[in-house]
Each structure stands twice: as structure tokens, then as C-alpha cells.
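Trainee: Dropping a structure here in C-alpha cells format, bear with me for questions.
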Amino acid sequence: MQQDNRKKNNLEMEFFSDYGDANRFKVQEVIGKGSYGVVCSAIDTLTGEKVAIKKIHDIFEHISDAARILREIKLLRLLRHPDIVEIKHIMLPPSRREFKDIYVVFELMESDLHQVIKANDDLTREHYQFFLYQLLRALKYIHTANVYHRDLKPKNILANANCKLKICDFGLARVAFNDTPTTIFWTDYVATRWYRAPELCGSFYSKYTPAIDIWSIGCIFAEVLMGKPLFPGKNVVHQLDLMTDLLGTPSLDTISRVRNEKARRYLTSMRKKPPIPFAQKFPNADPLSLKLLERLLAFDPKDRPTAEEALADPYFKGLAKVEREPSCQPITKMEFEFERRKVTKEDIRELISREILEYHPQLLKDHMNGADKASFLYPSAVDQFRRQFAHLEENSGKTGPVAPLERKHASLPRSTVIHSTAVARGGQPKLMNNTNTLNPETTQNIPFNHATIQAQQRNLSAAKPSTFMGPVAPFDNGRISRDAYDPRSFIRSTNLPFSQQSAATVAMGKQQERRTTMEPEKQARQISQYNRYAPDVAINIDNNPFIMARTGMNKAENISDRIIIDTNLLQATAGIGVAAAAAAAAPGGSAHRKVGAVRYGMSKMY
């Protein structure tokens with residue numbers, strides 16, 4: 001017995017030293033708490049990148065909560081887009097068949113749109129335009145995958161000080177399939193009433209379309225313009241009153257499409273109300289933005305534009321090029337087969353385990369080959385990580401900074417771990433050549449009024465201490481121009497295991513080490529193996545127009561060089577304005593990225 005235990009311990013240690021990865025992250029501080037978990041900021045010691053780690057505890061206590069977690073991590077794996085929050089990693093649990101908690105690693109975002117609206121009373125028209133552009137671009141991508149978010153609100157939109165927005169919280173999202181009924185029972189639809197489309201008011205049994213998300217985006221944009229919610233209804237009746245006060249009484253034909261009988265009767269008996277002109281409701285807004293907002297907030301869902309149609313609106317002229325905005329292949333029914341049958345906790349546990357393996361390519365390969373050792377335990381680093389979270393949770397409310405616990409035995413487990421990236425520990429990822437970035441030579445030839453910039457620099461004042469947002473980031477042909485020193489890369493999702501993607505593609509936001517060439521026979525075998533995993537996915541994605549790679553690192557070796565690059569990008573921007581360019585050229589760093597104090601920490605759970 002003792003020999004068997006010793007052998008088991010040796011196997012566990014060997015297994016964990018190969019695949020365990022909790023020691024990869026150094027926990028910093030608690031940045032958010034909720035009923036189902038806690039979020040801490042951390043440092044990825046492999047890349048030096050700041051991340052947010054969300055601990056979700058007791059995920060199998062209620063099967064509905066477990067299904068929601070599975071749905072979200074699955075959708076965030078499939079929906080890879082720069083305007084959607086990215087899961088970078090999911091840690092291996094101590095036991096694949098007995099775990100209760102999971103640790104999900106996200107890219108770190110500094111705040112959310114709700115806090116941005118509260119803290120900034122000096123947002124410009126460029127901010128408003130850029131915010132709506134990002135939200136519609138993300139929504140176009142989501143809807144082309146046949147996914148409806150269903151819970152869009154400012155707290156579910158993460159934000160950075162460089163004006164970057166990312167949609168998060170897909171726990172209430174649903175995937176629509178063409179051969180299945182579009183009518184569902186909305187028992188779990190508890191989205192905030194203020195952003196809920198009128199056709200859903202008081203309705204729990206309804207057909208849903210992408211128009212419900214479009215309405216939510218309209219409410220969010222109006223809140224950005226006003227600085228407060230547009231329809232803060234206290235109940236369903238009050239909500240309908242607020243809507244009709246602004247939009248006027250809907251036609252009888254429109255009322256007939258409201259599913260709830262009581263709401264339908266109330267609207268029918270309502271006195272005739274004329275609509276209020278949006279120019280009167282939003283006196284300082286761009287007239288073009290108000291014309292688009294009227295379309296987004298059409299009472300009848302048939303009159304609302306799609307996200308793609310909204311991006312083609314004149315409001316985004318010179319900013320968005322609809323044909324270049326990313327789209328997504330529709331999600332297959334097999335991915336969400338669990339939604340259409342009765343599942344047990346063990347079924348959900350197995351499906352979540354399978355999702356976790358997507359972030360551990362070697363284990364995934366073993367699992368697909370039937371050689372995975374599911375009964376092995378790997379306790380050391382995960383247990384230490386759990387203690388770090390508990391320590392920070394217990395002390396987060398006390399005065400003064402809380403120092404995270406350090407490892408007492410740094411040698412266990414060893415640092416030779418396998419990750420979802422080919423970057424060596426302590427090394428830097430190699431760069432890709434990006435053929436879609438701005439040409440510095442053409443940038444230098446753009447007419448630029450330096451006298452105006454100097455005058456603007458003299459008039460620049462320090463940001464207020466409570467201000468969060470800096471000037472709007474630059475663009476390149478309708479896409480966000482990424483900083484030359486930004487280490488992130490993005491690619492639309494595929495279902496291929498990371499270890500089997502082409503060496504020149506980007507996997508989970510990281511670059512592979514180098515390109516390899518394959519002989520025809522080997523390539524045929526590789527394609528056959530691809531088809532086993534994802535027969536409908538194109539193999540060669542080298543020319544994917546949605547890849548956004550880091551570029552220009554060799555040209556930006558110091559702070560001044562970075563400022564020059566950012567200023568050149570601003571010079572090439574049409575419609576962003578001289579003030580933003582002045583901020584970029586101002587002394588003291590790349591001012592267009594951050595102005596004023598950034599509030600570190602957030603109440604929003606990822």
C-alpha cells in the first residue's frame with residue numbers, strides 16, 4: 001500500500017510539473033466581488049502581462065448556474081474579436097472529476113462603461129462616436145454567429161482609459177439555429193429592465209431577434225449622451241410610460257406584436273402621445289448621431305437596423321468600412337447540443353472539463369487520442385493559489401494594501417509547464433510582419449498644421465482627478481490602429497486545437513514561434529486530422545483579414561519613439577480632430593492613451 005501511494009505521488013508530481021500552471025500567475029489584489037466569485041488582478045509571469053483572474057466557486061451547486069458558466073466560456077472561446085473580452089487561460093482544476101471551483105484568466109480591463117459615464121462629464125463627440133462604433137462592430141460579429149447577447153448594459157461593457165470597449169458577460173446569451181423554433185421560454189431572462197426592448201416588456205414567452213440587442217445599444221448610447229439612463233422604469237408600466245413619452249404612442253400594428261397581453265391592453269388604452277424631437281431631448285448631440293439613435297430606438301423591431309446596416313450609417317462616414325468589419329461563421333448545433341436536452345451535473349462537469357482542455361493543448365491532444373489520465377491529481381500550485389485568493393478576500397476590506405501570500409516552496413511544482421503558447425518562459429514572443437498596417441512613408445506625406453498643434457499644446461490643461469477617459473484612439477481605414485508596442489493579437493475563433501494550427505497563425509492571442517513547411521503527404525495527413533475536429537473550418541487562415549498583430553516594435557525602442565509613432569497615426573486620422581493629435585504630441589508621454597488618474601479596480605465581475 002505504501003509503495004502504491006509513493007508511486008501515485010510520484011505520478012502526480014510528474015504530471016503536475018508538466019501541466020500545472022497556477023504558479024504562472026502572481027496575484028496582486030481584489031478588484032471585484034460578486035455572489036458567485038471574486039476577481040483579482042495578477043501578473044502573468046510568463047509574459048509579464050497584467051491579467052484579471054476570476055474565481056468562480058461552487059459552480060455545480062445549481063445546475064442552471066453551471067450551465068450559464070459553460071455557455072459563457074464556450075461562447076468566449078468561439079467569439080474571438082477585439083471588441084469582445086478575451087479568455088486568455090483557464091487553470092487546470094485539482095481533479096477533473098471532483099473540482100468545484102474554476103479560475104478563468106481574462107485580459108485586464110480598468111473599468112466598465114457604467115463607471116466611465118459616472119466619472120466623465122467632459123466626453124467629446126469623438127468619444128461618443130468611437131464608443132458606438134465599437135459596440136456595433138462587436139454586435140455585427142456576434143449576430144453573424146447567430147448569437148444574441150440579451151443582457152447588454154453599461155456594466156457589461158468593459159473599458160480602458162484609451163477608450164477601448166469590450167463586451168462581456170455572455171451568461172444569458174443564446175445561439176439561434178435556422179432549423180429550430182425561435183420561440184423560447186424566458187424563465188432565466190432577468191436582464192435589467194431599463195435596457196430591455198419594448199416587445200419583451202412583461203413577456204416571458206416570446207420570439208427573439210437581433211433587434212433586442214440593437215434596442216439595448218440604443219439605450220446605452222443615449223445614456224452616454226445624457227450621462228444618465230434613458231428609461232429608468234420602476235416597473236413594466238412605468239417603463240412603457242417612459243418609452244412612449246419620448247417615442248410617442250406606437251401604432252396599433254406595432255402594439256399587436258407585443259407578446260404580453262396586459263402590456264398590449266395598456267398600450268391600446270393609452271392616450272395619444274406625440275413623439276419628442278431627439279434634438280430637444282439631446283440638445284448638444286451631433287445631428288447625425290441622433291438620426292441613427294432614432295433608428296436604433298424604433299418601437300417596432302422591424303424598423304430597427306441590423307448592426308451592419310447601422311455601421312453603414314452616415315454618422316460613421318470616414319470611420320467604418322462595413323465590408324472590412326469582421327464577421328463570424330455561424331456556430332454549429334453540436335457546440336450547444338447540451339441546451340436541447342436534459343443534462344445532469346456530471347454532464348455539465350464533463351463539458352466544462354472539455355472546455356478547460358481547450359487552453360491546454362497537450363492535454364487536449366491526449367484526451368482526443370484517448371490517452372488522458374483523468375484520475376491524476378495535481379494539488380500543489382492550485383491549492384496555493386486558492387490560499388492566495390482566500391487571504392486577499394479576508395483582508396480586502398481592511399485599511400492599507402494587502403500583500404499576497406508568497407510560495408513557501410518555490411521548487412514545487414517545477415516551472416517547466418506547458419501553456420497554450422509557444423513562448424519560452426522569460427522570453428519574448430517573436431513578431432509577425434503585418435501587411436495591413438499604416439505605411440509610415442505615406443503618413444509623413446499627409447498635410448499637417450504644426451502651428452495649430454503647437455497652439456493646441458499651449459491650451460491643453462491637466463485632466464481632472466476624477467476623469468477616466470483619455471482622447472479617442474487613432475484609426476486606420478475604419479479599424480483601430482493598434483499601438484506599435486501593444487503585445488496583443490487577435491484572430492477570429494476556430495475549433496482547431498491550438499497545437500494543430502498553422503505555425504504562422506495566431507492562437508489565443510499569442511504567436512507561434514515560426515513557420516514550418518510540410519511535405520505534400522504530411523500536409524494531407526494534417527488536413528485529414530483537421531477535418532476530424534472541425535470539418536467546416538478553412539485550414540489556411542494566414543490571409544484572415546481579421547488578424548490584428550503587433551507591429552513596429554523595432555521602431556519603438558523608447559518612449560520618444562513611441563510618441564512619434566502614435567503622433568504619425570493621429571496625423572493620418574480623418575475626423576478625429578486636431579485636439580486628439582495635440583494630445584499625442586504633447587510632452588510627457590503618449591498623452592492620447594491616458595489623461596488623468598486611472599481608477600484601478602472595478603466593481604464589475606468579468
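Note: Cβ is positioned from N, Cα and C throughout, glycine not excepted.
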Trainee: Among K50, K54, which residue shares the ATP site with I31, G32, K33, G34, S35, Y36, G37, V38, V39 according to Swiss-Prot?
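Mentor: My reading of Swiss-Prot gives K54 as the candidate in that site.
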Trainee: Tell me, roughly as an integer, the mean pLDDT over the domain 'Protein kinase' (25-316).
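Mentor: That stretch averages a pLDDT of 90.
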Trainee: What whole-number Å value do you get for the CA-CA distance of G37 (ATP binding site) and D151 (active site, proton acceptor)?
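Mentor: Rounded to the nearest whole number, the Cα-Cα distance is 19 Å.
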Trainee: Could you tell me which three-state DSSP class K33 (ATP binding site) falls into?
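Mentor: Where K33 (ATP binding site) sits, the three-state DSSP reduction gives strand.
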Trainee: Tell me the coarse DSSP state (helix, strand, coil) of D151 (active site, proton acceptor).
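Mentor: Where D151 (active site, proton acceptor) sits, the three-state DSSP reduction gives coil.
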Trainee: So for I31 (ATP binding site), how many other CB atoms are inside 10 Å of its CB?
Mentor: 26
Trainee: Please report the DSSP secondary structure of V39 (ATP binding site), reduced to three states.
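Mentor: Where V39 (ATP binding site) sits, the three-state DSSP reduction gives strand.
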Trainee: Looking at ATP and its recorded binding residues I31, G32, K33, G34, S35, Y36, G37, V38, V39, K54, figure out the farthest C-alpha pair and report it in angstrom, whole number.
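Mentor: Looking at I31, G32, K33, G34, S35, Y36, G37, V38, V39, K54 as a set, their Cα atoms extend up to 14 Å apart.
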Trainee: Based on Cβ atoms within 10 Å, give me the single least packed residue among the recorded positions S35, T192.
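Mentor: Output over recorded positions S35, T192: least Cβ neighbours within 10 Å is S35.
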Trainee: Taking the Cβ of G37 (ATP binding site) as the centre, count every other Cβ atom within 10 Å, in any protein chain shown.
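Mentor: Result for G37 (ATP binding site): 21 other Cβ atoms within 10 Å.
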